[in-house]
Amino acid sequence: MAATVIDGKAFAARIRGQVAEHVAELKAGHGITPGLAVVLVGEDPASQVYVRSKGKQTVEVGMNSYEHKLDADTSEADLLALIDRLNGDPDVHGILVQLPLPGHLDEDLVINAIDPAKDVDGFHISNVGLLGTGQKSMVPCTPLGCLMMLRDHHGSLSGMDAVVIGRSNIVGKPMAQLLLGDSCTVTIAHSRTKDLADVVRRADIVVAAVGRPEMVPGDWIKPGATVIDVGINRIERDGKTRLVGDVHYDSCAQVAGAITPVPGGVGPMTIACLLANTLTACTRANKLTEPDGLTP
């Protein structure tokens with residue numbers, strides 16, 4: 001029996017709808033409009049597409065969008081000065097620096113210059129530490145989106161065995177922390193994991209975030225398991241460029257109970273959760289009640 005397809009595009013639209021409702025309430029009840037500042041350094045084509053999409057969706061939910069486009073040769077001092085100004089701007093509740101940065105800029109230094117309360121990407125070392133110790137933090141958008149989809153599909157995740165394939169600071173590690181927070185038994189697997197297939201076969205939940213096209217075949221999947229595919233890989237097949245995930249979709253979908261497609265699965269949730277994080281940051285800054293269902 002084929003797996004249930006978890007429609008990330010439809011789920012993201014629901015999240016954006018909830019965010020828009022809360023933004024309208026903030027405007028009407030408190031005269032506050034959440035603001036998201038996005039900083040783009042250079043002219044990387046993919047980054048430009050992402051920034052345009054983020055700006056468009058920010059405005060669509062009723063927030064203010066502030067785009068700062070800097071030349072590729074912008075100095076670190078000038079970039080840090082901009083971040084300092086945004087940190088002090090009361091109309092800006094979220095700050096996102098689009099990655100990757102040009103090679104002469106220190107990404108860690110730049111990210112950690114952002115006020116942790118405005119770090120809507122959840123990459124600041126303070127937010128990493130807060131998440132790791134189970135405290136209130138800004139949570140990275142992609143893992144947050146994965147968690148939302150898992151909760152929506154399963155309800156409670158308590159007691160489930162979860163395997164996260166990938167140990168990046170952006171997805172793998174925070175994903176594991178979030179699953180631990182929901183009382184899963186979590187294994188982080190990676191390129192050095194022995195008998196990776198056997199490890200994955202024990203999982204009720206598989207989150208693939210390793211960046212290798214179609215690495216996970218269907219015979220690695222426990223029957224009925226839920227598969228969350230974070231990977232976005234471009235491959236050449238039959239003379240055409242295709243987007244595929246980190247799991248082999250066709251074979252995994254024959255075994256899994258539920259699966260996210262690529263495209264249309266995790267991807268749309270990332271920007272939706274960025275908007276949710278900006279709303280959360282705004283409510284916290286103004287000491288207002290946080291909206292339900294948009295934070296872990």
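Keep in mind that glycine also has a Cβ here, set from the backbone N, Cα and C atoms.
Among the candidates Ser137, Ser183, Ser191, Ser251, the residue that Swiss-Prot annotates alongside Gly166, Arg167, Ser168, Ile232 as binding NADP(+) is Ser191. The maximum pairwise C-alpha distance among Gly166, Arg167, Ser168, Ser191, Ile232, the residues recorded as binding NADP(+), is 18 Å. Ranking the binding-site residues Ser168, Ser191 by the number of CB atoms within 10 A of their own CB puts Ser168 at the top. Sequence-distant neighbours of Ile232 (NADP(+) binding site) (same chain, 6+ apart, CB under 8 A from its CB) are Leu243, Gly245, Val262, Pro263, Gly267.
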